[in-house]
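A.B. asks: Swiss-Prot feature annotations, pasted as is:
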- 1-20: topological domain 'Cytoplasmic' (TOPO_DOM)
- 21-41: transmembrane segment (TRANSMEM)
- 42-62: topological domain 'Extracellular' (TOPO_DOM)
- 63-83: transmembrane segment (TRANSMEM)
- 84-93: topological domain 'Cytoplasmic' (TOPO_DOM)
- 94-114: transmembrane segment (TRANSMEM)
- 115-223: topological domain 'Extracellular' (TOPO_DOM)
- 224-244: transmembrane segment (TRANSMEM)
- 245-258: topological domain 'Cytoplasmic' (TOPO_DOM)
Amino acid sequence: MGALGDSAYGARGRLIKFSYIVTALISILFSISCICYGIWLLARRSQYAELVSPSLYVDVGRILVIISILSILNYLICFYAIFKEMRCFVTSCAVASIVIAVMLIIGGCIGLNFRDQLTHYTPLNLKMLTSLRELYGTHDMKGITESWDALQSNFKCCGVNGTDNAQIWKTSKWYMHQRAPKLLIPESCCIPSEIERCRSNPFDQDAPPPYYTSTCYEPLQNDLLHVMNVASWLCITNAIVQIIPSVAGCWYSKLIRK
């Protein structure tokens with residue numbers, strides 16, 4: 001009875017096996033949520049990467065997706081190994097879970113570091129101002145042009161911040177290199193229902209502005225800070241969730257007699 005109690009078939013072994021399965025399933029569900037959020041981040045926020053370079057937040061999104069997929073595959077292999085009582089594979093999968101947890105923690109730290117850099121050190125407003133004036137609309141910087149158009153359309157904003165509002169477009173190379181009749185602001189600044197008036201005379205003082213009057217710096221910064229906060233803590237929490245089944249897996253592998 002003592003030998004049986006210390007084996008995978010005893011009460012302790014069955015409890016550890018059950019604990020592993022439950023915690024692994026919880027971890028899989030959490031990994032699926034990480035994958036969904038990472039895909040959303042890459043699909044809906046990666047278009048602004050050209051304005052924020054280095055775009056570490058995109059890397060965090062990739063880490064969320066790729067490492068979470070590896071985590072799920074690892075659990076599936078471990079499920080098979082546990083039910084077949086393949087001791088070596090169970091141990092390997094448990095160790096792999098720890099490695100995956102470390103990679104997720106690294107991803108979370110990258111995200112938190114990005115937030116700190118964006119808040120205190122990265123002159124995002126100056127980067128945006130430079131890209132608007134010098135790079136928007138140039139043939140070899142289509143990524144910048146697309147990023148600005150997506151930003152202004154999606155956030156319903158125009159210009160950078162403060163005095164560098166919609167009027168700043170008249171100082172840009174995009175404006176200077178146009179042929180007459182010139183557009184004063186890009187169409188991405190225009191309210192869709194006012195597109196014609198926005199093209200012809202957007203700065204008419206006798207009518208409400210046909211363009212977005214909010215500037216883009218603060219909305220973009222606040223959005224990226226929020227998105228990265230969620231992504232970073234998803235990474236770290238997923239890493240913590242990985243630890244419990246990895247410990248249970250290592251313990252269970254010691255009870256397998258094969």
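Glycine is treated like the rest: Cβ placed from N, Cα and C.
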A.B. asks: Sequence-remote contacts (6 or more beyond its ends) of the topological domain 'Cytoplasmic' (84-93), Cβ cut-off under 8 Å?
C.D. replies: 8, 74-75, 77-78, 249-250, 252-253, 256, 258
A.B. asks: Residue list, the transmembrane segment (224-244) vs rest of chain: Cβ under 8 Å, 6 or more residues beyond ends.
C.D. replies: 19, 23, 26-27, 30-31, 33-34, 37-38, 41, 45, 48, 52, 57, 60-61, 63-64, 68, 71, 97-98, 100-102, 104-105, 107-112, 114-115, 118-119
A.B. asks: Find the average pLDDT over the topological domain 'Cytoplasmic' (84-93) in the predicted model and report it.
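C.D. replies: For the topological domain 'Cytoplasmic' (84-93), the model's average pLDDT rounds to 82.
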A.B. asks: DSSP-wise, what's the residue breakdown of the topological domain 'Extracellular' (42-62) into helix, strand and coil?
C.D. replies: 18 helix, 0 strand, 3 coil
A.B. asks: Do any residues, 6 or more residues outside the transmembrane segment (21-41), come within under 8 Å Cβ-to-Cβ of it, and if so which ones?
C.D. replies: 57-58, 60-65, 68-69, 71-72, 75, 78-79, 82, 227, 230-231, 234-235, 237-238, 241-242, 244-245, 248
A.B. asks: With a Cβ cut-off under 8 Å, give me the same-chain residues at least six positions beyond the ends of the transmembrane segment (63-83) that come close to it.
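C.D. replies: Same-chain contacts beyond the flanks: 17, 20-21, 24, 27-28, 31-32, 34-35, 37-39, 41-42, 89-90, 93-94, 96-97, 100, 103-104, 106-107, 110, 231, 234-235, 238, 242, 245, 249, 252.
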A.B. asks: Cβ under 8 Å to the topological domain 'Cytoplasmic' (245-258), counting only same-chain residues 6 or more beyond its ends: which ones?
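C.D. replies: Contacts with the topological domain 'Cytoplasmic' (245-258): 6-8, 10, 12-13, 16-17, 19-20, 23-24, 27, 75, 78, 82, 85-87, 90-91, 93-95, 97-98, 101.
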A.B. asks: Work out, from DSSP, the number of helix, strand and coil residues along the topological domain 'Cytoplasmic' (245-258).
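C.D. replies: Its residues fall into 11 helix, 0 strand, 3 coil.
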A.B. asks: Please indicate, using numbers and ranges, the residues of the same chain that are 6 or more beyond the topological domain 'Extracellular' (42-62) and have a C-beta under 8 Å from a C-beta there.
C.D. replies: 107-108, 110-111, 113-114, 117-118, 122, 124, 127-128, 131, 143-144, 146-148, 150-151, 220, 223-224, 227-228, 231-232, 235
